[in-house]
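Residues or ranges marked as transmembrane segment by Swiss-Prot: 24-44, 59-79, 99-119, 124-144, 149-169, 184-204, 229-249, 295-315, 323-343, 354-374, 395-415, 418-438.
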Amino acid sequence: MIWHVQNENFILDSTRIFMKAFHLLLFHGSFIFPECILIFGLILLLMIDSTSDQKDRPWFYFISSTSLVMSITALFFRWREEPIISFSGNFQTNNFNEIFQFLILLCSTLCIPLSVEYIECTEMAITEFLLFVLTATLGGMFLCGANDLITIFVAPECFSLCSYLLSGYTKRDVRSNEATTKYLLMGGASSSILVHGLSWLYGLSGGEIELQEIVNGLINTQMYNSPGISIALISITVGIGFKLSPAPFHQWTPDVYEGSPTPVVAFLSVTSKVAASASATRIFDIPFYFSSTEWHLLLEILAILSMILGNLIALTQTSMKRMLAYSSIGQIGYVIIGIIVGDSNDGYASMITYMLFYISMNLGTFACIVSFGLRTGTDNIRDYAGLYTKDPFLALSSALCLLSLGGLPPLAGFFGKLYLFWCGWQAGLYFLVSIGLLTSVVSIYYYLKIIKLLMTGRNQEITPHVRNYRRSPLRSNNSIELSMTVCVIASTIPGISMNPILAIAQDTLF
């Protein structure tokens, strides 16, 4: 009898939960339609995996890529619609959030073809890899639109858990296991600090969790200038700092970049920064509206440390992946300038524009590393010497992406940095911009050093890795070259094409 009553209660509770979920999807599903497409793609992947054999592997890539492209299409159709807050205040849809969601989807779309040959050569489990990539993308998209403290905490955890699993995907690799352990421990610690800061905001605002309501709550409780706000600001900065990986929160970055599978590093190097930048912009600009001087100072310190340490330490690296890890630390310093400037002087527009170019430059470089690594088994910088004599296309692609990362004209990276630094200069950030210009010159040096090695033709400098290098016989069928070509073209577009990009980026007020 007791069992019968408990069973009935369980069925009733399950029915209520299902009906509530159905009600939310029915009345709010249109507001998260791009995310719903990814969810259906995930379900379809699981269904096909449970009923198929190895012959259906190409379908997994097709379903994943199609889901991402359809999500991008859904975002385009929703562009310029009125801002909407849905799911009882948990999620906000506006142009600002959508452009960051587009950047995340673009990263994932380019990373999947970049991973195909790597997965086949290393015999990694394809379904789990694609599931983790799509789920991480989903977490990043929800983080971009997060409008309350709970979603701001849960969404990055969804992304982080998939990131930990992806970084440790090659279980037999000792370096991968070590990198995953460091990543997991530091990620857990940073999440604890982040939720500590969020709890301070919750308490000081009188129990509010929505971002705009927190501002109203702080005004009502008169706590917007209290010491507790400073504690919340520092804690949240540390928590978000781990995701952005500026100095001094960068300790995990070089080890994870070096130890993780290269396609995973390519994915994490851009998506985590895009999602964290969107979240940081909203958190600092809305709940900490009354503490703008304090968070500006904090971010200025992080930007200076990142630009100096990232570029100086990159000079001494012998591994391509570690060099790009420290380079990314310097790059995030430039992005922080846009966050500090804010919307008054097109700071957000310059940040979005530079981030779009950074995606193409960075993924293009990683595509070259994946291609070279699969054919030689190394990512040591010295082993790239003389690559131009064996594979001119790969060498030129690497050179163009590296030059664009360095900011040499007339490549896209130059115009991105020029616009970013110009906005910073107009906002009065003279010292920050000066540091940015000097460190950009330093970065050009170590990028040119690699390019010199790529183009050398002296036999005594060419290593056995390049001497025994074999080009892909069917380049048109190689998916890595597809991603590489797209990224190289996007990294080298002339300045005349900047106007439409800037026009879209400037229309991102939230």
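Just so it is clear, glycine is given a Cβ too, placed from its N, Cα and C backbone atoms.
It is 354-374 that, among the stretches 99-119, 149-169, 323-343, 354-374, forms the most Cβ pairs under 8 Å with the transmembrane segment (395-415). Within the chain carrying the transmembrane segment (295-315), a Cβ under 8 angstroms from the stretch's Cβ atoms is held by residues 233-234, 237, 241, 246-248, 250, 284, 288, 323, 326-334, 336-337, 339-340, 429, 431-432, 435-436, 439, 442-443, 445-446, all 6 or more beyond its ends. For the transmembrane segment (124-144), the most Cβ-contacting stretch among 59-79, 184-204, 229-249, 323-343, 418-438 is 59-79 (pairs under 8 Å). Nonlocal intrachain contacts for the transmembrane segment (418-438), taken as residues 6+ away from its ends with a CB within less than 8 angstroms of a stretch CB, comprise 300, 303-304, 307-308, 333-335, 337-338, 340-342, 344-347, 349-351, 353-354, 407, 498, 502. Here the transmembrane segment (323-343) has Cβ contacts under 8 Å with residues 244-247, 250, 253-254, 256-258, 269, 273, 277, 280-281, 284-285, 296, 299-300, 302-307, 309-311, 313-314, 317, 350-352, 354-355, 358, 362, 365-366, 369, 381, 405, 417, 420-421, 423-424, 427, 429, 432-433, 436, 439, 443, 446, 450, 509 of the same chain, all six or more residues outside its ends. Long-range Cβ contacts of the transmembrane segment (59-79) within its own chain (Cβ-Cβ under 8 Å, at least 6 residues beyond either end) map to 33-35, 37-38, 40-42, 44-45, 48-49, 52, 93, 95, 98, 101-102, 105-106, 108-109, 112-113, 116, 126-127, 130, 133-134, 137.
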